[in-house]
Amino acid sequence: MMNEFLARLSDTLLFGLQLFAELAVLFVLISFLVGVLNEWLPEEKTRRWLSARHGHGYLIGALIGSVTPFCSCSTVPLTMGLLKSGAGFGPTMTLLFTSPLVNPIIIALFWVTFGLELTLLYAAMAIGAAILVAWSMDRAGFERFLEQGLFDHRTAAAVPVPLTIDGKGVDEAACCAPQAAAVQACCTANPEPVAVGLPTTAPAMGVPVTGGRRTGRAAHLFREAVGQFRSFLPHIAIGVGIGAVAHGFVPDELLVRYAGPDNLLAIPVAALIGVPLYVRGSTMIPIALTLTAKGMGIGAVIALVIGGAGASLPEVVMLKRMFRWPILVVFLFSVFGIAITTGYLAEWLF
């Protein structure tokens, strides 16, 4: 008994450390890449591609989410970066829903494990539901429930920063005018203008950086990414700790007992069980194949995959840093709804 407990404890600690290290690297890397993207990609183009005022923005959001092999937690910094850059709320939420559920890795594993027909059903339901829920949230005005400390500039008009040299005003159009770049980490209430170049102009959105300043900007973006990760550190640590304990001490037999094919509530129970486990979709699918062999219904397996990959506990804890409770509640119920609906449909068709 003691040996089994120690083995589970060791597995829990190892999983927690590996998960924390993986999330730390992914979070900083993705935050850095989003910063680079914002430096090089014109802001207006980003807004146009993911504009909530145009229907194709939702399709583009789903497309971007479908080709990015991110887990649910890795999508959080990408979502925050897009919202900060002025992307539409609805299309960005579409990406948030889609990315951890539908990506090339998951689709390939799903196809090999469960066949083409079930894979197409899974992808169609996940993408269709993501677009519908995101559109409904945007139409209902859920953007007002963003944490305004992070996204003040989305609603505030752009105000030119006064530029001076030795106390004298400088025309912004002059070639010697320093460009003031608002530097705002996610834990900073108000951005502070920082001069980034004299005598040439600083890199605006979409204008490439040349020479040694490219290295300087990269270092600055990396520091911002690390600072952003530090502000999320307590949320990540709490979520990873709970997820690791559930991973190490919840046996597969318990899942089969409460989510077997003879249980009418197997599918919703499987969706609920999936959340605290925090298992990537790409990791969950091989596990799901084993559970299916043990007697777990196909509908419950799909619900487990969607619940675990789409709304993991660490992700929810991290999203609380960005969203207020109304968005989080709708997000959770939407993922559960997608999981349950797809699960019952798969059980009925297959």
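Numbers run from 1 along the shown chain.
Backbone N, Cα and C atoms are what each Cβ position is placed from, and that goes for glycine too.
Automatic prediction, not curation, is the source of TrEMBL annotations.
If you look up TrEMBL, you'll see 12-37, 57-83, 95-114, 120-137, 232-250, 262-279, 291-313, 325-346 marked as transmembrane segment.
Within its own chain, the transmembrane segment (325-346) has Cβ neighbours under 8 Å at 96-97, 101, 118, 121-122, 125-126, 129-130, 133, 137, 142, 145-146, 267-268, 270-272, 274-275, 298-300, 302-304, 306-307, 310-311, 316, 319, counting only residues six or more beyond its boundaries. For the transmembrane segment (12-37), the residues of the chain that approach it from at least six positions outside its boundaries are 70-71, 73-74, 76-78, 80-82, 218, 221-222, 224-226, 228-229, 232, 236-237, 240-241, 243-245, 247-249, 278, 314, judged by C-beta separation under 8 angstroms.
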